[in-house]
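Novice: Have a look at this one before I ask anything.
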Amino acid sequence: MSLSLIKRVLQIPVAGSQCCPLVFLPCRYKALTFALTFLLYTSFHLSRKPISIVKVTHKQACDDDKSNYKQLLGAMDYSFLCAYAVGMYLSGIIGERLPIRLYLTVGMLTSGLFTCLFGLGYIYNIHSLGFYIFVQVANGLVQTTGWPSVVTCIGNWFGKGRRGLIMGLWNSHTSVGNILGSLIAGYWVSSNWGLSFIVPGLIIAVMGIVCFLFLIERDYDTELLLPRDNGTVCVPVQQVVVVKSESEPSAISFMGALRIPGVIEFSLCLLFAKLVSYTFLFWLPLYITKAAHLDAKKAGDLSTLFDVGGIVGGILAGVISDKLGKRATTCAVMLLLAAPTLYGFSMISEFGLGPTIGMLLVCGGLVNGPYALITTAVSADLGTHKSLKGNARALSTVTAIIDGTGSVGAAVGPLLAGLLSAGGWDQVFYMLMTADFLALLVTPWCKPFFFYHGYLVTSL
């Protein structure tokens, strides 16, 4: 992608355009917010990925004594994801009432602490399951500060014009974080798996400090940075600065956010879509070791292809939904294609490395495309819905409700995978295909088929 195209997407003036320096200044801060929030949430996902890589090492260690390692590791996932799901509902409400920069900084520093503690358990030879579950629960709670905060920031800076494309590009931080987390964890997984957690923990803590120093929450904050002449702001060629009003609207209530048309439907859709995505996130490396007969490091490296496909799928979902003007239709079509693709992956993955690589890329795109679109562009659209009459303070709560409901599925998926895989991986894939089908049924796109009333799907 050329530099000029990136600038047009981010609405940054290019050389030769008729734009005065005062117009250029806020646009530079828009680009800074895009890049910074991208890196901030990359570090969140980077710190979540090591557990799926380290699982393979524990699996190999536990095979000899016939222990129920899959159930124990599934419970480890569940402790993090269940805490994350519960905390997410509260996080959006709290985030609307606190400065985002400080809220996000504290969350990242404490997340770095608990991620490092998990790795220190190996270094100090701690074998208490209760210790690791406590760390996972605490980390799950503090990591809920991330998503509502970064979506609110990016939603405040970018309007609806090309939101699908912009957020499709931006949301690739999820897959980039997973890829980097896999590579970092895989480097130490066989020699000292404690470092597989300590290094990502230090990274997210350092990024928390960067957040505190550089994050600008809203575009009207750049008003304070513009040069002044005789106590007044210099007027640019085109008005670009949004001035904060004297009386700011109050934050929306939880029930008020639920009454926004489309919030419940997309929340339920994300529940099933995220169930599939997070089952892959936590169990794919272990499945690859069985299907492709690879060691822990190679399986972790190969699993990153699922996230590469997820990057492409998220961007395509955003571009297509912008062109069609229908978010729900885009999600429904990708979910419809995902279910048979998952079945194909379960069959073809045993025919060699080449077919496995191809199906990993396709599955990653179709599974993560709807998930990425709902958590970004759809959440931002609903958080700035016309029924709110300009009250943008609902964005954090709406985002938290949608992602919190999705996180319930994220908690259930890996747990079910741990239980079902004991009877064979085929059962896991049947569960994933069922979840994709249910996600399709609850989308607003399917409402006419079930005689729903109310929300007009043409707007999404």
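Cβ atoms are placed via backbone N, Cα and C, with glycine included.
All annotation found in TrEMBL is predicted automatically rather than curated by experts.
Pasting the feature list from TrEMBL:
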type	residues	note
DOMAIN	1-451	domain 'Major facilitator superfamily (MFS) profile'
TRANSMEM	78-95	transmembrane segment
TRANSMEM	102-124	transmembrane segment
TRANSMEM	130-158	transmembrane segment
TRANSMEM	170-189	transmembrane segment
TRANSMEM	195-216	transmembrane segment
TRANSMEM	263-284	transmembrane segment
TRANSMEM	304-321	transmembrane segment
TRANSMEM	328-345	transmembrane segment
TRANSMEM	357-382	transmembrane segment
TRANSMEM	394-416	transmembrane segment
Novice: Is the transmembrane segment (195-216) in contact with the transmembrane segment (357-382), using at least 3 Cβ pairs under 8 Å (sequence separation of 6 or more) as the test?
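Specialist: No, these stretches are not in contact.
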Novice: Between 102-124, 130-158, 195-216, 263-284, 328-345, who has the most Cβ pairs under 8 Å to the transmembrane segment (78-95)?
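Specialist: That would be 130-158.
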Novice: Given the cut-off of 8 Å on Cβ pairs that are 6 or more apart in sequence, determine whether the transmembrane segment (130-158) and the transmembrane segment (394-416) share at least 3 such pairs.
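Specialist: As far as Cβ distances go (cut-off 8 Å, pairs 6 or more apart), the transmembrane segment (130-158) and the transmembrane segment (394-416) touch.
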Novice: Over the domain 'Major facilitator superfamily (MFS) profile' (1-451), what is the model's average pLDDT?
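Specialist: Here the predicted model's pLDDT, averaged over the domain 'Major facilitator superfamily (MFS) profile' (1-451), is 79.
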